[in-house]
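Features of the protein shown, as given by Swiss-Prot:
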| type | residues | note |
| --- | --- | --- |
| BINDING | Arg53, Glu111, Lys151, Lys500 | 5,10-methylenetetrahydrofolate binding site |
| BINDING | 255-262, 281-285, 302-305, 373-376 | GTP binding site |
| BINDING | Asn258 | K(+) binding site |
| BINDING | Ser262, Thr283 | Mg(2+) binding site |
| DOMAIN | 248-422 | domain 'TrmE-type G' |
| TRANSIT | 1-73 | transit peptide |
Amino acid sequence: MHFISCCLRRSTVSIAVSRSLLVKRLFCSGWPGDDTIYSLSSGQGKCGVAVVRVSGPASALAVRRLTRSLPAPRTASLRSISHPQSKELLDRGLVLWFPGPASFTGEDSAEFHIHGGPAVISGVLQALGSLPGLRPAEAGEFTRRAFYAGKLDLTEVEGLSDLIHAETEAQRRQALRQMAGDLGRIYQDWTDQLKRCLAHVEAFIDFSEDELIEDGVLNDVDRAVQQLQTDMENHLSDERRGERLRSGVHVVIAGSTNAGKSSLLNLLTQRPAAIVSPTAGTTRDVLEVPLDIGGYPVLLSDTAGLRDTSDSVEQEGVRRARQRVEQADLSLVVVDLTQLPSERRHVPVFLRGHLKNILERSSQQQQHILILNESDLVSAEQQRSIQTSLQELSGAPSACFLSCHSRDGLEELLTLLHNTLKTLCGDPLIGSPTLTQTRHRTHLQKSIEALQQYHEYRDVDLALAAEGLRLGLLSLGRITGRVSPEEILDVIFRDFCIGK
């Protein structure tokens, strides 16, 4: 009894709040209660088939009142759907019944697959709203109930949201991996290891003298905590590939005036998105266009030409251009080949000057591609000479000859772009899943700081060292939304047969 009371006291005072309390803190709302919710789950507007979802204890009642009987579980049944009061026929469609807990939300649930006309959808929703105990669902409430029921952790919830909003193949693949729990399993594995470490330290504090727990237990904890810290730091050092893929790669087209930057934007977007003119300084503001290049999301920006000018409006455009260069993940530096010096020995100096304006404003993580435009106006011999000059430039970025007019070199540029985007974002199907949310990064950094506290106090005050493990566990738990003090006690009872 002494053991149990000590464990309960310690876990109550110092360990993380229970999962239910954590959920309430995260969402600032309580449990679903006895409400049954309904909503249109498919998109708004006219469509061939619309899906209306119902979840909660009155789901069976809703199906019976609208279709007269409950279909077999998880079987699509063709039914007449009528208003429960007027008995007016609303539609004929498929009805599916999912008894809890084997449903998406963990509750009794149902789906009405009906024709997608606005009048049909409105009629079915009004019929459901006329039933006692049913109310329209709030935004994201079905998924929130799935989280409450333990069907999804927070990383899987975020993966589902990302999948819904995915616009490219790479985004879809990353979201699917996260929704399938690949990222959550990494955090859960670290959480399990940290629970074990904390359980061992707490057992050593309370029972080492009475139960003769060996000192070697703490040495094992030291090694495990150090390895956990290393794994977390490696996970953080991903150059933000997952976050970049999720939000889009910022690509800026930069260079001097009249180099062909706007022509390049129009070529890549395959439409006249930017005004093209032989007059220098035509582009004075940033023009941003979303693109899908090889399955990767790109936010492509055309900018004002970089030059000194007395025009106040153009000066502001140049300032914004330089700001975009500083913020970009990838810079496409455009050079007009017809402006190169005639003497080969001056070419490296000319190119170095153009690149300097961009490179000196770029971060170390930023990638660059040098685009040599107007290649159709330069002979093959001149191109070879320019290629030789590029090789003489130390640290020169990858280069590509291109003609925005004839489209020569476009395939080579797209291949180079795709490979660079793959470097920036990674391949979602290869290797460990990467961080996708800023909050993941924040909580992991806090967890690492807490583990460092364990190392600092380990030989000074073991209780303070244990507090570091608790804080680290709390931070990890906030990523997935799952942490419970009872799980610490389970590990203690399993690993230490104290009191037999």
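Just so it is clear, glycine is given a Cβ too, placed from its N, Cα and C backbone atoms.
Where Swiss-Prot records a feature, it is marked here on the structure.
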residue: Arg53; record: 5,10-methylenetetrahydrofolate binding site; DSSP class: strand
residue: Glu111; record: 5,10-methylenetetrahydrofolate binding site; DSSP class: strand
residue: Lys151; record: 5,10-methylenetetrahydrofolate binding site; DSSP class: coil
residue: Gly255; record: GTP binding site; DSSP class: strand
residue: Lys261; record: GTP binding site; DSSP class: helix
residue: Asp285; record: GTP binding site; DSSP class: coil
residue: Ala304; record: GTP binding site; DSSP class: coil
residue: Glu374; record: GTP binding site; DSSP class: coil
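Ranking the binding-site residues Arg53, Glu111, Lys151, Ser262 by the distance of their Cα atoms from the Cα of Gly255 (GTP binding site) places Ser262 first. In the predicted structure, the domain 'TrmE-type G' (248-422) carries a mean pLDDT of 85.
Every protein chain shown contributes to the tally, and the Cβ of Lys151 (5,10-methylenetetrahydrofolate binding site) ends up with 18 other Cβ atoms within 10 Å. Within the same chain, the residues at least 6 positions away from Asp285 (GTP binding site) whose Cβ sits under 8 Å from its Cβ are Ala304, Gly317, Arg320, listed in sequence order. Cα-Cα distance from Asn258 (GTP binding site) to Arg53 (5,10-methylenetetrahydrofolate binding site): 56 Å (rounded to the nearest whole number). Lys151 (5,10-methylenetetrahydrofolate binding site) sits 49 Å from Ser262 (Mg(2+) binding site), taking the CA atoms of both as reference points. Sequence-distant neighbours of Glu111 (5,10-methylenetetrahydrofolate binding site) (same chain, six or more apart, CB under 8 Å from its CB) are Ser41, Val51, Val52, Arg53, Val54, Val95, Leu96, Phe98, listed in sequence order. For Glu374 (GTP binding site) paired with Ser262 (Mg(2+) binding site), the C-alpha to C-alpha distance reads 13 Å. Looking at Ala304, Glu374, the binding-site residues in this record, the fewest other C-beta atoms within 10 angstroms of the C-beta turn up around Glu374. Fewest Cβ neighbours within 10 Å among the binding-site residues Arg53, Lys261: that distinction goes to Arg53. Cβ contacts within 10 Å of Asn258 (GTP binding site), excluding its own Cβ and spanning all protein chains shown: 22.
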